[in-house]
Amino acid sequence: MLWYYCTEYYDSIGLRSMRAHYKRHGVLPEMKGRYRWGRGPQFLVACMGLVANSVTLVNFPQGIVQFGFWPFFTAYAICLLVIGLPMIYLEVLLGQFSSSGALGIWRASPLFKGVGICMLIRSALLVVRESGVACYTTYYMFLSMFRTLPWSGCDNTWNTKQCWEGRMEVKTSEGNVTSAAATTDDLFRLGSVKSSPVEEYFLSHVDSGKPDPALGIPRPWIVACLVMLWSLIFVCLTWGIKSLGKVVYVTTILPVVLLGTLLVRGVTLQNGGQSIAAMFATSALADTDGELGYLDHIINYELWYVVGSMVIQSLVLGYGVYAAMASHGSFTHSCLRDSVITALWSFAINICYSVVIFSYSGFYALVWSKDVSAAHYGDYFYIFKVIPDVISRIDVGHLFGICYFLMLTLFFLSTILILVANIETSLCDQFSQALGTFRRRVIFHATICCTLLIAGLPVTTDNGFRVVSIIQRFEGRWQGPLFLCLQCIAFAMIYNYTFCGPRAIYQIIKQMLGRRLDRNIIMDILWVSLTPMVLFLLVFATWWFWAEQDYELWHTRTLEEKVIEIVFYAVTSGFIPLWALMWSLYCLIIGPGSCCEKGKQNKNQKNSR
């Protein structure tokens, strides 16, 4: 009975009325007065700019080091086919057909609308994390404009006695000695406790790295970079979706050009080519003994768990962003093509970035007499330690520093722009009458930007990266696979087989694209059975692995850490059961066919007698 109410509610504004309105007028009622993408593949470019976020760029090279390139490549390709492509396609279909964002698409199954609310909350947390990392890369980009980099030596006021510049006798590809040599006798003088100039600059000017729970005060220059980024985001948001589509051309294509420039320079570095060859080796770099082969890694359940989570994070799934972006497109747009290109682009950009990272890591390992696998791949600190150390030792390194940090800033800025547009689109759909004028929309955009700017200020403090790690730890655990699993259940199962006849999703495809896809067995298997099963196993594995670790560490945590963890879980997933309970009570008490309505009908029948 409850499922009947959940689908019947959508009948008055759902699939049937949309079809009839589109046949008569050639446009959906929701698209009247709605901002649309401009000419060209703006929607596709926006999706391509979304997939290069900070978590993936940090964790993808670490996965190659841990499991080996070819096992990791195989697992990633399979997870991309089973999880990534079907979920992108489903979300784009729903957004394009309904012309609604992350909240509006749940009119098809209102019982699960709490998932859409949690998606927007997760989008806001992801924006805070990405903007925090982006302000640091912007700060380093401005520092790289100076010919003499501030972290290029140990003779600065903030350096300690443990500062060591490494093996400075290493030569570049041009054969020029970088600077005065520091002999290996310094290793015995300093003992095992030594630090590089880059590391000391990072700890003294960017992040203290102390375990102190107090965050400290915001650093002025970092705050200035954060304000500059949000000012740019506000301008792009106010100009509308057409101008945003033009901006993403720059934030998506220019970083690829810069990535190619860095790749050419990295290959010519000493030990760079050898490091890239080691990346494509059959055995994992972390397996120094070479005991584990290809099949040993393939049958390792940890590989599939890591890769499945990484695919979801890389494609930014579980945030409703693809539905919001597709809602501004044409009703008859070929969304399958864009979904395939977006999935393949994410895979390709991560591999190219990993090649660049390994080429520079080879030179870094040679300077510091380390193995390539010990270069802090799975840490944000890698961005601000290894690459700055290398660019401080090569000719015209400051120019390559500008290229590297500008590339990262544009990658992160593109992700932030699309996520903020997702929040703005979804909220404007819900409050369209209150935000009908341009002035009100500008005030609304300013409110969103100021709120997220204030929320990101803790990232600019002395322990800012501690805040980033907390958001990444509690926001990206099991919420993404859970939301995607519920999305499959709500649309591909309940809506697809209980409302408007069987296989309603394929009727939507036929209506939009004019193709008869009622017998698409491959997508039917993925949406209905295989993809939700894999997502459920991923959620279960996440709960199982993290429960073991949390149970051991729970008693060692402070009260503040326990409160933060509980609040994060409640905020990012608590609206799902809360909304389901509220909607169930509404359907049973107030809604059509409820107890109150039946009582009124009985009363009217008695009065008529």
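Note that Cβ sites are derived from N, Cα and C of the backbone, with glycine treated the same way.
Per TrEMBL, these features apply:
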type	residues	note
TRANSMEM	43-61	transmembrane segment
TRANSMEM	73-94	transmembrane segment
TRANSMEM	115-142	transmembrane segment
TRANSMEM	221-240	transmembrane segment
TRANSMEM	247-264	transmembrane segment
TRANSMEM	303-322	transmembrane segment
TRANSMEM	343-367	transmembrane segment
TRANSMEM	399-421	transmembrane segment
TRANSMEM	442-460	transmembrane segment
TRANSMEM	480-500	transmembrane segment
TRANSMEM	521-546	transmembrane segment
TRANSMEM	566-591	transmembrane segment
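Put simply, of 73-94, 221-240, 247-264, 521-546, the stretch with the most CB pairs closer than 8 A to the transmembrane segment (115-142) is 221-240.
Most Cβ pairs within less than 8 Å of the transmembrane segment (343-367), among stretches 73-94, 303-322, 566-591, belong to 73-94. Non-local neighbours of the transmembrane segment (521-546) in the same chain are 79, 82-83, 86-87, 89-90, 301, 305, 308-309, 477-478, 481-482, 484-485, 488-489, 492-493, 496, 503, 505; each lies 6+ residues outside the stretch with a CB under 8 Å from one of its CB atoms. Each of 43-61, 73-94, 247-264, 442-460, 566-591 was scored by its Cβ pairs under 8 Å to the transmembrane segment (221-240), and the highest score goes to 442-460. When Cβ distances are compared across the two stretches, the transmembrane segment (399-421) makes contact with the transmembrane segment (303-322), since 3 or more pairs at least 6 residues apart fall below 8 angstroms.
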